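Novice: Take this structure first; my questions come after.
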Amino acid sequence: MRPNSQAAKHRSSHDTEREFGGTLGAVCIPIFLPLTVLFLICVSRSPEASVLQWPPPLPSADQLWEPLAPVLLLGWIGLHALLYLTPVGKVRFHGLCISGVLLMLLLGLGAPLGYLFELLLPLAVCAIAVSFLLSVYLYIRSFWAPSHALALGGNTGNPLYDFFIGRELNPRIGNFDLKYFCELRPGLIGWVVINLGMLMKEVELRGSPSLAMILVNSFQLLYVADALWNEEAVLTTMDIVHDGFGFMLVFGDLAWVPFTYGLQAAFLVVHPQALSSLGAAAIIALNGIGYYIFRKSNSQKNQFRRDPSHPSVARLETIATATGKRLLVSGWWGLVRHPNYLGDLLMALAWSLPCGFSHLLPYFYVIYFTVLLIHREARDERQCRAKYGLAWDTYCRRVPYRIFPYIY
């Protein structure tokens with residue numbers, strides 16, 4: 001029986017539907033997304049800050065390279081790898097706390113954190129290079145991994161697609177989980193550090209941080225702190241459970257997240273915005289509502305997965321499935337199928353609003369994230385229908401809206 005089951009798995013892996021445009025996407029995305037990162041940084045620093053400007057503001061070779069950049073990047077990754085290996089570093093968001101203490105010490109010693117603004121492009125170039133190198137290493141080492149350790153969708157036999165999507169599901173070096181580490185540590189915390197650098201650059205230029213800059217930094221710090229405080233929840237996400245660890249996730253973790261999610265802060269350095277107290281209060285309220293929906297819905301789901309008999313979820317209505325699992329059809333998950341995505345998008349909008357309405361660039365994140373979550377919802381829909389069958393159809397009839405109540 002065992003050889004037959006392995007053969008069936010081998011065939012199913014090769015027959016798996018290819019996502020992100022298949023081979024064409026696997027060729028184009030690793031070319032165009034790194035260029036997009038560099039383009040967006042250049043636009044955010046230009047006086048016009050127009051994504052439609054032609055010709056675009058191209059950087060010189062000198063702007064793309066700074067010897068200090070690889071030292072800082074590799075040192076940062078090394079620091080968090082060391083913290084990850086220590087017992088203290090494994091506890092909730094101590095990596096963020098220790099990073100915060102180190103940054104405060106650097107500021108107290110007079111370190112020019114505002115210089116990160118000048119280093120954005122060189123740091124992004126180095127992060128992109130590290131992403132490619134790590135992805136090549138992961139692809140090569142996956143051929144020595146046992147078959148049960150391979151991701152179903154990343155073992156197609158097409159080297160271009162498998163390199164992009166990732167052949168091995170959760171590659172480890174000893175007890176060091178490379179995917180889990182990259183998902184939550186250097187890039188995510190690095191995003192907060194870059195934001196702080198932009199705030200300190202504004203202090204250098206104008207004497208104090210603007211209200212808009214403070215809001216952007218505070219909102220995004222809250223988001224990162226929440227992710228790290230609830231880091232065990234990442235173990236049930238699509239990235240960990242389903243997707244292999246290839247270029248798509250490596251680049252996303254190390255380059256895309258830290259250098260595009262915080263574009264608002266970089267934009268505000270060159271294009272300061274005045275915010276009224278009423279406007280700031282409205283934006284804070286919007287972020288608060290989004291965060292409340294995001295956290296409450298995720299907590300409800302995670303509690304139900306851990307202990308369905310817990311008093312907070314025991315009375316929720318569910319649908320039985322052939323797998324033995326039950327689907328929530330009341331509470332937050334009876335409102336829409338992905339209430340956490342709804343909260344995510346409300347927060348994304350709140351991060352952009354402090355930048356005003358004169359430029360499109362600060363809204364890149366919320367536009368991109370809307371497309372991403374709709375695409376991810378469609379992927380999740382296909383997987384759940386294949387997994388739960390008729391029970392999923394019943395669930396969809398009970399909860400017809402996907403993300404936005406009465407809209408979508």
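Each residue, glycine too, has its Cβ placed from N, Cα and C.
Sharing the features that TrEMBL gives for it:
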type	residues	note
TRANSMEM	20-47	transmembrane segment
TRANSMEM	67-86	transmembrane segment
TRANSMEM	93-113	transmembrane segment
TRANSMEM	119-140	transmembrane segment
TRANSMEM	208-225	transmembrane segment
TRANSMEM	245-263	transmembrane segment
TRANSMEM	275-294	transmembrane segment
TRANSMEM	348-374	transmembrane segment
Novice: Taking the transmembrane segment (93-113) as reference, which of 67-86, 119-140, 245-263, 275-294, 348-374 has the most Cβ pairs under 8 angstroms?
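Specialist: Ranking 67-86, 119-140, 245-263, 275-294, 348-374 by Cβ pairs under 8 Å to the transmembrane segment (93-113) puts 67-86 first.
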Novice: Out of 119-140, 208-225, 245-263, 348-374, what stretch is closest in contact terms to the transmembrane segment (20-47), meaning most Cβ pairs under 8 angstroms?
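Specialist: Most contacts with the transmembrane segment (20-47): 245-263.
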Novice: Cβ pairs under 8 Å only, please: of the recorded stretches 67-86, 245-263, 275-294, which one is richest in them relative to the transmembrane segment (208-225)?
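Specialist: Looking at each of 67-86, 245-263, 275-294 in turn, the most contacts to the transmembrane segment (208-225) are made by 275-294.
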Novice: For the transmembrane segment (245-263) and the transmembrane segment (348-374), check the count of CB pairs under 8 Å (sequence separation 6 or more) and say whether it reaches 3 or more.
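Specialist: Yes, the transmembrane segment (245-263) and the transmembrane segment (348-374) are in contact.
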Novice: Are there residues at least 6 beyond the ends of the transmembrane segment (67-86) whose Cβ is under 8 Å from a Cβ of it, and what are they?
Specialist: 94-95, 98-99, 119, 122-123, 125-127, 130, 176, 181, 185-186, 189-190, 193
